[in-house]
Structures are given as structure tokens and as C-alpha cells.
Amino acid sequence: MAFFRALCFVLLVGFAAACQPDCSWKCPPKCPPMWTFYNGNCYRYFGTGKTYDEAESHCQEFTEVGLGHLASIASAEENNLLLTMWKSVRTTTTGGLWIGLNDQAEEGNFIWTDGSAVTFTDWATTQPDNYQNEDCAHMRHELDGDDRWNDIACSRAFAYVCKMSTTN
């Protein structure tokens with residue numbers, strides 16, 4: 001009788017293990033703690049001001065689900081996500097938020113640090129203007145609520161959002 005119970009237990013455990021769902025094809029990817037999932041990517045806001053290059057280097061340290069970069073923005077919805085993340089934590093009435101767009105390699109040819117195509121922009125009126133050799137893009141918050149993009153010196157320190165793709 002003990003043999004029969006042991007056999008039933010082994011079979012039951014075996015069937016239970018075989019019936020576990022394989023999430024690799026249907027379960028949504030998960031982001032690390034403190035990251036926000038949206039449309040196949042993970043995002044995280046960092047409020048400590050860094051220069052553009054420092055912020056990009058910090059983002060590249062994150063590799064939990066894909067290589068991290070300063071956030072690229074492909075749509076108005078994604079732009080609004082970043083604005084919402086920023087507005088929910090910012091404490092000043094003016095300031096900026098680094099995004100992963102720059103024309104450091106060639107003036108006027110803006111590229112995303114993650115290599116994705118530039119398919120959406122939200123430049124403020126008269127921007128980008130390259131005033132005093134500005135090569136890096138940030139979301140600019142103005143008192144009038146015009147939270148749009150501006151090119152600015154890469155040496156300035158701003159908060160930033162990192163983005164990791166979950167599809168790599």
C-alpha cells in the first residue's frame with residue numbers, strides 16, 4: 001500500500017509540473033521593481049540632476065530586461081507617459097527632463113541614443129534652435145504649461161527617464 005501511495009504521489013507531482021503554464025509565449029514581460037511597464041518597454045524616472053552623458057551612462061547600467069538608454073519617444077502617447085511621470089514627482093515650477101535625443105554627431109540630424117528611428121517630435125515653437133551650440137534635447141516645463149521639447153547644452157543637469165525594451 002505504501003508503494004502505491006508513493007507511486008501516486010510521484011505521478012501527481014509529475015502531472016502538476018507538466019501542467020504548469022509556459023508563460024514565454026503569452027504572459028506580459030515584467031519590469032524590475034520601481035519601473036513602469038508601457039507598450040513593451042520599462043521606464044524609470046530619476047530625479048537627481050545629471051548631465052546628458054552622465055544620465056545616458058546611468059541608464060546603460062540597467063540591463064535586467066534589455067539594454068537601458070535615455071528614453072526615446074515614438075508617439076504622443078509615449079510622450080504623455082513621460083510627462084505624467086515627471087509631473088507626478090517634480091517639485092519646481094520650471095525645469096527640464098532629459099530625453100534620449102541629440103544631434104551631437106551632426107548638427108541638425110537628431111538621433112535617439114537607443115538607435116530607434118525618429119518618428120515623433122514635440123518641439124516647442126522655434127525649437128530646435130542650436131542657440132549657443134545646444135545639442136541635447138529635454139522636455140522643458142514653463143510657467144505657461146508649455147511642456148514641450150527644447151535643445152539645450154548637454155552639460156546642464158536635469159532629471160531624466162531611462163527606458164529598457166522588453167523585446168530584446
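The chain as shown is numbered from 1 upward.
A Cβ is built for glycine as well, from the same backbone N, Cα and C atoms used for every other residue.
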Problem set entry | Cysteine of Cys154, Cys162 paired with Cys136 via disulfide, per Swiss-Prot | Cys154
Problem set entry | Cys162 - recorded disulfide partner, Swiss-Prot, among Cys42, Cys59 | Cys59
Exercise. Could you tell me the C-alpha distance between Cys59 (disulfide bond) and Cys136 (disulfide bond) in angstrom, no decimals?
Worked result: 16
Exercise. Three-state secondary structure of Cys136 (disulfide bond) from DSSP?
Worked result: strand
Seminar exercise, completed: Should one count Cβ atoms within 10 Å of each candidate's Cβ, the disulfide-bonded residues Cys154, Cys162 would be headed by Cys162
Exercise. When DSSP states are grouped into helix, strand and coil, how many residues of the domain 'C-type lectin' (38-163) land in each?
Worked result: 23 helix, 42 strand, 61 coil
Exercise. Counting only residues 6+ apart in the same chain, whose Cβ is under 8 Å from the Cβ of Cys136 (disulfide bond)?
Worked result: Tyr52, Trp98, Leu101, Asn102, Gln104, Asp151, Ile152, Ala153, Cys154
